Structures are given as C-alpha cells and as structure tokens.
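Here the structure is laid out as structure tokens; the discussion comes afterwards.
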Amino acid sequence: MSKFFIDRPIFAWVIALVIMLVGALSILKLPINQYPSIAPPAIAIAVTYPGASAQTVQDTVVQVIEQQLNGIDNLRYVSSESNSDGSMTITATFEQGTNPDTAQVQVQNKLNLATPLLPQEVQQQGIRVTKAVKNFLLVIGLVSEDGSMTKDDLANYIVSNMQDPISRTAGVGDFQVFGAQYAMRIWLDPAKLNKFQLTPVDVKTAVAAQNVQVSSGQLGGLPALPGTQLNATIIGKTRLQTAEQFESILLKVNKDGSQVRLGDVAQVGLGGENYAVSAQFNGKPASGLAVKLATGANALDTAKALRETIKGLEPFFPPGVKAVFPYDTTPVVTESISGVIHTLIEAVVLVFLVMYLFLQNFRATIITTMTVPVVLLGTFGILAAAGFSINTLTMFAMVLAIGLLVDDAIVVVENVERVMSEEGLPPKEATKRSMEQIQGALVGIALVLSAVLLPMAFFGGSTGVIYRQFSITIVSAMGLSVLVALIFTPALCATMLKPLKKGEHHTAKGGFFGWFNRNFDRSVNGYERSVGTILRNKVPFLLAYALIVVGMIWLFARIPTAFLPEEDQGVLFAQVQTPAGSSAERTQVVVDQMREYLLKDEADTVSSVFTVNGFNFAGRGQSSGMAFIMLKPWDERSKENSVFALAQRAQQHFFTFRDAMVFAFAPPAVLELGNATGFDVFLQDRGGVGHAKLMEARNQFLAKAAQSKILSAVRPNGLNDEPQYQLTIDDERASALGVTIADINNTLSIALGASYVNDFIDRGRVKKVYIQGEPSARMSPEDLQKWYVRNGAGEMVPFSSFAKGEWTYGSPKLSRYNGVEAMEILGAPAPGYSTGEAMAEVERIAGELPSGIGFSWTGMSYEEKLSGSQMPALFALSVLFVFLCLAALYESWSIPIAVVLVVPLGIIGALIATSLRGLSNDVYFLVGLLTTIGLAAKNAILIVEFAKELHEQGRSLYDAAIEACRMRLRPIIMTSLAFILGVVPLTIASGAGAGSQHAIGTGVIGGMISATVLAIFWVPLFFVAVSSLFGSKEPEKDVTPENPRYEAGQ
C-alpha cells in the first residue's frame, strides 16, 4: 500500500487534505460540553397539595404514585421529597443509556394509573412530568436597582412575562421560581363571619359560583329559521378582574332584604400566590428563576439561548429593573475547554522540540510534525460520526494521543534515513525499502495499544461514559496515525528528505547537537555495560522486580480512592438552617449576616451573592435559607482564593453564628450528579421501625461522624423535626352538636390553609383566587376559638366546643428512597482524605446503627462505588487483550510474557507520583494508568522484537538482548520524552479544570518516567529469562550477521 502512495504523492496529499477538511467541518458542528452526559437519565414528577403537611403529602400522594412506578424498564432507583408547604417531587433515575423520551412516556403512563387515586385538590393543581437533571444550570435574577419594585412585584413580573418564553427555550428541562405571581387573595375575618352567621365554606361556594366564565351561545346560530338576517355571539357572565368586583360578590340576602357581600366579611386585594420564598441580590430586592437542564441537552447551547431570550425581553422591563445571572455553571465549561486547547498547543510545541533535539534534521522534524494536524482533525471527524462532543475528556485524550501519533511518523522517518545512510539509496527508493521492513511492526504496535484501551469502551454506567470518551478518541487517533504513517508520511519522506551518501548521517558533530550526541553515545555505552551486568546477575534483579511488584500492590492498597477530582467551578453554595420552628424574619437576620461577610470580608474573591429565604437544598420552610455565590474569574483569583479556600474560610466564620447552622460547600465536579462535593447517602427504614427511630439513628450517625477524623461537614440534607400543633376532633361531641366532619375539615382547610377556589383575569393573564383567614386569626392555638362551624339548625358552633389540641413534633420534610422512608446525609472527607476513605468510614458507622436501619448510596457516591467495582475487571481485561495481541503478533505464547511483565514498572511510577502529590485513585488516574501500560508495552515491544529477530538470525540470547537495547535506546528515549513533555502542561495547569488535568497528567508522567527508566534495564532481562525458561534453543556458535542498525541519527 505504501508503495502506491510513494509513487503518487499528490494522491497522498489529497487524502490528507480531505481528512483535515472533514475534521475542520466537524469541529464547527460538534457541540461543546464540559463533560458528556455522564449522569443517568432522570424523570421528575412535581405535585402540589395546598395546605397539606409533609406527612399528608407522603401518605396520600407519594406512596400512591410510587406503587405504580414499579415495573418500569431500566429503572435504577426512585427518590422522593415531601414538604410542609404541600409540594412534592419524585425523581425516577434510570440506567445509563436509557432513552429519556421513552422513560418519560413510561413514567407518564404509570402516572395516569395513579392520578384518579390522588386527592381532588392535587388533580386541580396539575401534575408536572419533566426530563430534568437534579441541579440548576443557572439562575436568572431580576433586581430593582432603585428599589421602586418589591420582591413580590419582581416575582410576579417573572412569572407573568418571563417564565413562558424561558420554559420554551430549547434545552430547558424544568425551572423553579424564587417567589410567586400575584393572586386574588381573600382574607377572611372570623368575627365578621360569625356576626353574619357565615362560614368559610359559604364564602368559597359563593365565590366559585359567581366568578365564572359562562358560554352563552349565539343569536341566529345554525340551524336557523329561513330568512334569518342576524347572527351574533351572546356575551354572558365573565370572570371577575378587579378586587372591587370580588368585594361585590353576594354572600347572603336577609329576610329584611339586606345583603351581605364579600367586602363585608373579608379584605380583598392582589397579593402573592404564596409567601414561602423571598430573594435578594447583593442585599437589594430581587426575585429569580432557577433553570434545570433537560436530560441530554447541551449546557452551553442552552445557556446561550437563555441569554438571548433575556436580551430580547430586556427592552420591556419596568424602569429600574435589571436582569442578572447570579449563578451560572457554564463559564467553567468554556474556561476548562479553552485551557485544554492551550495545553494541546503547548504539547505540540514541546513534542516538536524533542523530536528536533533527537532527529537533528529540520526536514525530518517537519515531516513528523505535519502528521499531527492530519490525525487530530481526522479524529474530530470520527468523534462527530460517533455522536460525541468536544469536551474535557475528549480533549484530554487528544493531548495523550499526541505523543502516540508522532511515534509512528518518527519510526518511518528514522528508518528511511537509516536505509539511505547504510545502503546509499535515494530518498524514494529508500522509503520503499524502509516501508517493506516496518509496516508490519507499525500495525502490530497500533493493535497492542488499541487492545489496552478498547475494553474501556464496553463498560456501563456513568464511568463507562467517561471511559468511552477516552477509548474511542485515542484508538481513533491511533488508527489514523497508522494510516497516515502508511500513506502520507512515506510520500513526504520520498519528496522532502535530502539524499544521503552511504555512511553519512544528519546528526551534527559540533555545537550543541554535537555535545548532546557525544554525551548520549557515552550514556549508551554505559547503558550497554549495565544491561550486561544485569543479564549476568539475573537472580538479584529478578528479586528486585518482585519487590517492585510488592511495592506496587502495597501502594495500590494505600492510595485513597475517589470518583473524580474536585474542581474549582467558580461558584459556591452556602446553606442556612435556623432552629426548628424559626420564623422567616429570624432566618433573614442570619442570611443578612452571611451576605455581609461574603461581600465585605471576601470582596477580593466574591463577585455577587444571591440569597433566598425559605428554600435550600435540604428543604423548604421558614427556617431555611440559601446563598448562590459567584466568584470572580479564575485569572483574577490566586490559589489562596480558590473556591475550596473560600469555603474553608467562610465555614470557619459561619461557625461563630450562634443562632443557626450554616454550611459552605462547592458543587461537585459533575454537576448533573448532585449539588455538593463529597458523599451522598440515604439512611433507610428497612425494618419499618418508624420515623422516630429513624430520626434517632440519624442523630447517632451524625454524632459518630462528628467524632471521626476522616469526615467533615457531615450534615442532614433535610430538616429537623419542628413543633407542630396536633388538633383532635371529638367526633361524638361534634355529632351531638349537629356539626358534620366534612364542614369541620373544609373550614380548617380554608381558614388556616390557603384554599384555591378558581381563576380570575389580571391584565390579560389567568391567575388564581385563594381564600384564607387573615393573619391575626391564625397566629396561635388560641386563634382557633375565633372560628365557627354552622350546624344543621343554623347555629354557629365554635371550634372550642368539639376540638382540642396539643403540641408535638413532626418533620417539615420527609424523604423516601426506593419505596421506604429515608433520610439523606451529605458530607465530605476531611483534609488529607479522599472520598473513598470517607465512604468506607460512612459504611463503618452505618454498620453500628440499630437493627432495621440500612443505607444506600446515591448520586456521585453511587457512581463512585460502581466504578470501584469495575476497576479490577477493566485492568485485567486490558492486560489480557495486550497478551493475546502479542501472542498473535509473535506467534508465540511465551514471548508476550516478557512484554507483559513490564506493566508493573509503569504502574509503580504512576502510583508514586500520584501519592506524592496527594491525589487519588480516580477515573482519570485509571485512564492514565492504562495509557501508561500501553506505552510501557510499546517500549518493551521495540526491544523484544529486535532481540527476537537477532536471536533467530543466530545470536545468543545474551548478545541479541544487548544489541537490541543498544539499537532501540535512542528512539525509546526520544518517543518517551516526547510523550512525557507533551503531558507536562496538564500537570502544571491552573484555573478551571485544573483538578482533572493534574489527576491525569501526574499519573501518566510518573508512570512513563518509571516505565522508561526501569524498563530499558528489565526488559532484556525478561526476554532472556522467559526465552530460557520456555526452552529457546541457543545456537551452537555465536554468529554476528550484518544487521540493520536501527539507530536514530546514526
């Protein structure tokens, strides 16, 4: 094949140009992400039950729906949250690879079976089913710069004017508004109701009857009488639109003709649909809308589309109102991708310099460098065909591939120059002769390297997604590299290399290159003597190898484990929890103190603070608060002002708050898998011991975790039980007084809850009508005495006649996991420990809890547990594939052993480097480790292959091994050094994405240094030992035939 293109160099150029063109066009269309869709698909069900407690929601809604969800295909786990404000969310998480559209249809079908069994109030509110990830993509805020609009005004504007266009934006899965739109609020006065012998039920019935839209028909409608000349629509009664119209609703007509209207017993006016949440931006009145990404959607494209949507709405904002983005996860995506691109460019430059240092021929160096853009651009084309994206993982794989892909071109150029020097052939003929000698080896080495990485592509789960990104990218680059080495590089050699006379070399005799060559030759001589010594003293060095293997196993067991390294995402969360039963006013004081510290004491680090009262990731309620903290750009912050350093300082300050628990934490590396770094676990009531026992177990867990030196910031992702007033109805007494239970329940629901009646029209938009008791009539248990129920005789009976209450405790938020009641606990490893060690400690503590209490990992911890169980199998498969490929390549079962034995020599270096830098055994480390295995095997192949050929030509095992080492040392050092320096930019990276770059770069560099430095001494020993052990026949006398010297620049 190579001969064809050597004779037709323009053909080779055309192929190279087509590959680059296809790749360039693919880059323009490839989506850009920080990560691919690592999180498994999830479908969320959201329901509201107005006025219901968390327990009521769980019993009447959650369990009904959960029971119907059983039997859905590929369902991994189901979690739910029920809140005291009547809201509920069920999240069904599916196996990786499940089509989210299919999953949503299946969930919707199951939900249709459950809907008729749900309370009528829930069905009236509607049930939302969305494909959305768990975390927020960004928060869009509205802030009143001049204070002319209140938070309620801003929230109403968002819901009325912005919510719909935002929800229609491509990529938006779900959203949450921090505030509520206006509603017509009817505030009942119990004293006036009693005066007119009316009840809340009477008011609700009258409003429902008189605030209606009537379809009144037509005059002259078809079929019409002959000769009809008129057709007109009849406009009947319409929905009310103003507070005055509602005040005029007729409630009662007395016998004397006097009338009682709604305005006589209630205050009517526009107010918030609910008052649960309020927000501020840097201390100014604000409201916001948090957007969640649809499953599988592109974060950058969605964020860009949202910004365009807001830009189109801005001209219509009220005066003094400004749109802000107080929380945005996309800047880290562009920054991290940009950083890796810079790393890629730096790697190419460093590889070029190394090649020039060893080849010492500018034309030869240019030829090898020209293969880089062809292969890289071609790889982008393959990524587009495979449906991949440009993301951190594929770009890392590109960086790793650079050192691999130039290696093939180096082998071609180096061998052509050797043939010209030794045989005196012109470049074209020398290239033909050279390709006949090496094209088999090129294909063989590519197969071996592919064999190391291909098993990664077949693993499932979120870890499998990561592995596939690396595997497909590097293997694609390797395949293209071999094709380019067989097609394009020979054509370049035949046309660009200068001819050499027999015995002539390009290597310099004077200057820097002369000094380098002389010193390198001296090193080669010393290296030969060292190898000879090792081969004459096999046993001590084999024992030393055994010690290296033992050390590798010990380090593997000692190095901490993790899923992915932590990253500075440029954002920070702070979560506020005041004592159970605290008011919103009390919580706001703590929120203000937190904001003041961040904006003043951390002004060099913090860009903005968006605070929310009434909500945090643990739950909703007046005792909950939250802050979304945007940090300044990475280039404006030093290492001392990283998100982790800020979190530590902020946490120390928040410990001084006496009236609240405040936690500062950074988001995880993969935002789709949760809201916080560290671990995520559910304690489950698997034995049916009840809520109280589960709460006791949770408190025991938290107490033991607080004493552990391995864990830090361990906290419940829920709310503590708070005071609740248990109202008991004496049914017999109520019946004796002629009061029905239905009237009692309806009166309670309307007076103390917020009862939805129907809708009204406000400035052209449909909004809701709510009836509720006025605040002064529902502040304390004594206020219950102000409310009356009418009995069958028309008499007003006070609640005190048939009801009594007592204080108790109950949870404002209840969670379930896989069908049983559960409590979620979050935490992080203490400084110096990894998430793997923290998870092991959690399992130890959970094992000491009372019987009936189990635990389950979720989110990123679930994925980490899964990835840890896959690692041994992946490692074993990769080594097995290498062995089988080598066996096929050499047609021998014994020779591959000499190559496979080199694997621990690379692993030990990767482990030492990772350990010294305080990093963990995570997914990136494993990818780097497999790459190191492949490169170590490649270096061993270069020695073993030549030693085998020399031995077959009649050399002794000893002489064949030493001669092969001498011939291959220079190219091994050159290609290894090129690869190592190409990865150096990863290890010294800073800014966005630096954590993952360090994780992969450190292990690879450590592994390659040890694989190169140790392997060049041990590989000849392995070759001789294995060949001797398996009965390789020694020649009767040592023959020294003319062997082609495969020396770079010799």
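Glycine is no exception: its Cβ is also placed from the backbone N, Cα and C atoms.
Positions annotated as transmembrane segment by Swiss-Prot: 10-30 (among others).
Per Swiss-Prot, transmembrane segment is recorded for 339-359 (among others).
Residues 16, 19-20, 22-27, 29-33, 36, 298, 337, 344, 348, 351, 398, 401-402, 405-406, 408-409, 469, 472-473, 476-477, 480-481, 484-485, 488-489, 492 of the same chain lie 6 or more positions beyond the ends of the transmembrane segment (370-390) yet place their CB under 8 Å from a CB of it. Marked as transmembrane segment by Swiss-Prot on the basis of sequence analysis: 370-390 (among others).
The annotation transmembrane segment is assigned in Swiss-Prot to 393-413 (among others) on the grounds of sequence analysis.
Look at Swiss-Prot and you will find 440-460 (among others) tagged as transmembrane segment, backed by sequence analysis.
Residues 1-2, 5-6, 8-9, 12-13, 15-16, 19, 367-368, 370-371, 374-376, 378-379, 382-383, 386, 388, 393-394, 397-398, 400-401, 404-405, 407-409, 411-413, 416, 431, 434-435, 439, 442-443, 446, 449-450, 453-454, 457, 931 of the same chain, all 6+ positions outside the transmembrane segment (472-492), place their C-beta atoms under 8 angstroms from a C-beta of that stretch. Per Swiss-Prot, the feature transmembrane segment maps to 472-492 (among others); the stated evidence is sequence analysis.
Marked as transmembrane segment by Swiss-Prot on the basis of sequence analysis: 539-559 (among others).
Per Swiss-Prot, transmembrane segment is recorded for 871-891 (among others).
Residues annotated as transmembrane segment in Swiss-Prot: 893-913 (among others).
Annotated transmembrane segment per Swiss-Prot: 923-943 (among others), in sequence order, evidence recorded as sequence analysis.
According to Swiss-Prot, the transmembrane segment annotation covers 972-992 (among others), on the basis of sequence analysis. Beyond the transmembrane segment (972-992), the same-chain residues lying 6 or more positions past its ends with a Cβ under 8 Å from any Cβ of the stretch are 331-332, 335-336, 339, 342-343, 346-348, 350-351, 353-355, 357-359, 396, 399-400, 402-404, 406-407, 410, 567-570, 634-635, 639, 935, 939, 942-943, 998, 1000-1002, 1004-1005, 1008-1009, 1011-1012, 1016, 1048.
Per Swiss-Prot, transmembrane segment is recorded for 1004-1024 (among others). Under 8 Å from some Cβ of the transmembrane segment (1004-1024) lie the Cβ atoms of residues 400, 527, 530-531, 534-535, 538, 541-542, 545, 548, 895, 897-899, 901-902, 905-914, 928-929, 931-932, 935-936, 939-940, 943-944, 947-948, 957-958, 961-962, 964-965, 969, 972-973, 976-977, 979-980, 983-984, 986-987, all in the same chain and six or more residues away from its ends.
With respect to Cβ pairs under 8 Å, the transmembrane segment (440-460) is most closely packed against 871-891, considering the stretches 539-559, 871-891, 893-913, 923-943. If you look at the transmembrane segment (539-559) against the transmembrane segment (923-943), you find fewer than three C-beta pairs under 8 angstroms, all six or more positions apart, and that falls short of contact. Stretch with the largest number of CB pairs closer than 8 A to the transmembrane segment (923-943), among 339-359, 393-413, 871-891, 893-913: 893-913. Counting residues 6+ beyond its ends, the transmembrane segment (871-891) has Cβ neighbours under 8 Å at 444, 447-448, 451-456, 459, 467, 897, 899-900, 903, 926, 929-930, 933-934, 937, 941, 945, 948 in the same chain.
Cβ atoms under 8 Å from those of the transmembrane segment (393-413) belong to residues 35-36, 337, 340-341, 343-344, 347-348, 351, 355, 359, 364, 367-369, 371-372, 375-376, 379, 383, 434-435, 438, 441-442, 445-446, 449, 466, 469-470, 473-474, 477-478, 480-482, 484-485, 489-490, 493, 497, 924, 927-928, 931, 935, 938, 971, 974-975, 978-980, 982-983, 985-986, 996-997, 1000, 1004, 1048 of the same chain, restricted to positions at least 6 beyond its ends.
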